[in-house]
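Below: the structure, in structure tokens.
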Amino acid sequence: MATQISTRGSQCTIGQEEYSLYSSLSEDELVQMAIEQSLADKTRGPTTAEATASACTNRQPAHFYPWTRSTAPPESSPARAPMGLFQGVMQKYSSSLFKTSQLAPADPLIKAIKDGDEEALKTMIKEGKNLAEPNKEGWLPLHEAAYYGQVGCLKVLQRAYPGTIDQRTLQEETAVYLATCRGHLDCLLSLLQAGAEPDISNKSRETPLYKACERKNAEAVKILVQHNADTNHRCNRGWTALHESVSRNDLEVMQILVSGGAKVESKNAYGITPLFVAAQSGQLEALRFLAKYGADINTQASDNASALYEACKNEHEEVVEFLLSQGADANKTNKDGLLPLHIASKKGNYRIVQMLLPVTSRTRIRRSGVSPLHLAAERNHDEVLEALLSARFDVNTPLAPERARLYEDRRSSALYFAVVNNNVYATELLLQHGADPNRDVISPLLVAIRHGCLRTMQLLLDHGANIDAYIATHPTAFPATIMFAMKCLSLLKFLMDLGCDGEPCFSCLYGNGPHPPAPQPSSRFNDAPAADKEPSVVQFCEFVSAPEVSRWAGPIIDVLLDYVGNVQLCSRLKEHIDSFEDWAVIKEKAEPPRPLAHLCRLRVRKAIGKYRIKLLDTLPLPGRLIRYLKYENTQ
């Protein structure tokens, strides 16, 4: 039979389970469900039966106590609830998992307070029982009465022990604090009328007024303010009650606080005012209220971030619009020198960017060392990129050196960001607006080659990218474009067709003489050069000797020979060719003199120039000759 717990005016049942729901389950399934239930109960805390019993005894609805940080009283040992189905199953199969201990009966004093039994309390007092003695958690019966909302019991204890009205628990919580947290207004009013201090805070320096604002309890706030609660008290984070009510957009509570003397310009430990909180959290109505009462629209936190900056950062469009309409300064920078337009571009909010463009100083942007174009391109915000370019932002503005150093490749242009992201549309957009593809330490063309994106390569070359790009920090005797394309012969041929210079690949310092041992690739090609040592120039033959490239040495040399005249293979290259008998034809191909037609083709292409190779089709020559010049027919 289920255990019944009766209270005045209501009756609740606990421990009663619908066993028919589980009649169709096998024993294994029941065991599995029991394990899951036990884990859930352990995570949740008290059992369902205990929670139900508590709710019935308190005569409170299930939704009464929704707050995550509310103070809970120390639980006296409750009566043992009957064993449910899951516990029974688990005890049957594993007595070692569940050892149900006999719990002590409930404390009569606590039971009397929970039940609101004033006569029982009076009887205990008459019998000489000391009801002003705290338990191990520092709780008095007065605290229990305030927590459970038993105003009759509270008054009995107040009259019997008036000196305990402001006594604190070990968590430094007073009866006023507990009554406020639980929303028991009659208890709160009774305590304040009896002379309780309204401003005693807990260990976190949170006062009853602060907790009332946290719970959005306007009546409790009104009662506390009427009894002279300090409206400007700060918690350990420096927050006031007004900060808390603003964060919850509670206009009614805000009005009570401001009318009660709350300062609209009070700052927390980080220099944040209530208006800053409203802008940061997107509370437009609270923002309007504070502006009406004279709060500073241009308030800044300790890191110099303005309210407008935070609103842009969190993409609160209506808040940004309101702040700008009230004259907010869009040219205040944070500690990193960034403006609201920077963060809006980084977030990719087109509407906010459009609002900020007319009111943002280009001089301030230049001083910041980073253009909004960089941030939009870095995050692939193409729509914002279009808006900035339409507003005539300089597409070639470089990152400041101190900002470029934050990137390992020392990138500086918005174009580089677009190419790194493999964003073909943004790359084309920037190039159409005049982006210079040759401004970065590492050419964007090399990045495009590494990605293998022919469309991006073609765009960069069409807009003047140097096809013979080198890397200053890792010097080579031959173009880095060839080095990056070596592992893909079709890509290498594509670049050579467009005019890449292959001659330096065969200009070896050692010629037919002995070559020094090749250094390890990890120390030569991948590591950054030492600061106190000038990096040595890597020869082509040295690079193709790397283990990851050497197996392709023959085909690579074969492709390059189609784009050079009479050259001399060094001893190292000959060694590679001789290492595989099928490559013997490559050695024969390199022997001078090269065919006259081939030499003439090279002479014509050189006269045209690598930047005009794409104009070969316009020459007044036979189609067959044009194809030969373009290497479309190499026979």
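Each Cβ is built from the backbone N, Cα and C atoms, and glycine gets one as well.
Given the structure is predicted, the values throughout are model-derived calculations rather than measurements.
Residues or ranges marked as domain 'UIM' in Swiss-Prot (evidence: sequence analysis): 26-45.
Look at Swiss-Prot and you will find 104-133 tagged as repeat 'ANK 1', backed by sequence analysis.
In this model, the repeat 'ANK 3' (171-200) carries an average pLDDT of 96. Residues or ranges marked as repeat 'ANK 3' in Swiss-Prot: 171-200.
Look at Swiss-Prot and you will find Ser371 tagged as phosphoserine, backed by experimental evidence. Taking Cβ-Cβ distances under 8 Å and a sequence separation of 6 or more, the neighbours of Ser371 (phosphoserine) in its chain are Ile365, Phe393, Asp394, Thr397, Ala414. Look at Ser371 (phosphoserine): DSSP puts it in coil.
The domain 'SOCS box' feature in Swiss-Prot is assigned to 586-635.
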DSSP assigns the residues of the repeat 'ANK 3' (171-200) as 17 helix, 0 strand, 13 coil
